[in-house]
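Taken verbatim from Swiss-Prot:
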type	residues	note
ACT_SITE	Lys40	active site, proton acceptor
ACT_SITE	Tyr263	active site, proton acceptor
BINDING	Arg136, Met310	substrate binding site
MOD_RES	Lys40	N6-(pyridoxal phosphate)lysine
Amino acid sequence: MISSFHRPTVARVNLQAIKENVASVQKHIPLGVKTYAVVKADAYGHGAVQVSKALLPQVDGYCVSNLDEALQLRQAGIDKEILILGVLLPNELELAVANAITVTIASLDWIALARLEKKECQGLKVHVKVDSGMGRIGLRSSKEVNLLIDSLKELGADVEGIFTHFATADEADDTKFNQQLQFFKKLIAGLEDKPRLVHASNSATSIWHSDTIFNAVRLGIVSYGLNPSGSDLSLPFPLQEALSLESSLVHVKMISAGDTVGYGATYTAKKSEYVGTVPIGYADGWTRNMQGFSVLVDGQFCEIIGRVSMDQLTIRLPKAYPLGTKVTLIGSNQQKNISTTDIANYRNTINYEVLCLLSDRIPRIY
């Protein structure tokens, strides 16, 4: 999907806010802890290359989801460590080694496949993934991890790190969190040759469980100024939301009582009213279920009426505004504000998803 530069819909990304958010977390965690910036999924929709370059002086490395995301950063000139958090199969090893990309290995089956395909790991840097209770990928015992580490070393790999991921670090009830933490600590204690880096702290753990940090953290959603819990838990320090989303009115008209708006004729005017059309729709990640939500025009909340279309939505206006009038979908407009979390709450989802769904069709302005 190409970026649509010839329409007024844009996402503005404040790189300085991202830098300050990361600095706030770094002040909050113990000294000497390494910081990895999580820039997977195009830095949660903010632009992986631009964010990575902005954070280059502040962080020790980056985390991405897959090899393609890692290669994008390398090709952009990012020379610090890049860790792929997902599983990379052995047939892609040569490309990872050639580009000095660190991979995650999460099972003994991976070793069996590498041997079957006669893959050597000379020059490969590895972090071992432990499943402490998330239930996705990872090993479950010290015995398995010891065997994996020995096998990787036989194949020539440098086992630099070991890590896990907490399922409930952003919840008030820390029962599951503590179970996972103790599981991971016990597993680490049973290792014959512990890797140099041990990390379990995502954004939520770094904020609310900073006393449990090992020697590295992975900062994702908090870097972009959002509360990992949505609004369930209070933040110990302020954050600046880094992305705003805006467009403009491209059509304004008056409709009469009884007129309908949008697909399915789901909205019927009860009286004469002004309606404005905004060029953003579900193809941009502004989903169909946003009917009834309000955006900002001239410092006033204006309700989305009718179904959101693929490319456009319609809003009820308090008066006739000129074409080109600014419409704020995320961010501030004359002292009033719409946050990504507000949108997530309306959709009954999480703020992460709202950002990640914003498509490439929306240009990012820095």
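Using N, Cα and C of the backbone, Cβ positions are placed for all residues, glycine too.
Sequence features annotated in Swiss-Prot and their locations in the structure.
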residue : record                       : Cβ within 10 Å
Lys40   : active site, proton acceptor : 19
Arg136  : substrate binding site       : 11
Tyr263  : active site, proton acceptor : 11
Met310  : substrate binding site       : 10
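Rounded to the nearest whole angstrom, the C-alpha distance between Lys40 (active site, proton acceptor) and Met310 (substrate binding site) is 26.
Under DSSP, Arg136 (substrate binding site) is assigned to coil, being neither helix nor strand in the three-state scheme.
In the three-state DSSP assignment, the secondary structure recorded for Met310 (substrate binding site) is coil. On the backbone, the CA of Tyr263 (active site, proton acceptor) and the CA of Met310 (substrate binding site) stand 11 Å apart.
In the three-state DSSP scheme, Tyr263 (active site, proton acceptor) falls into the helix class.
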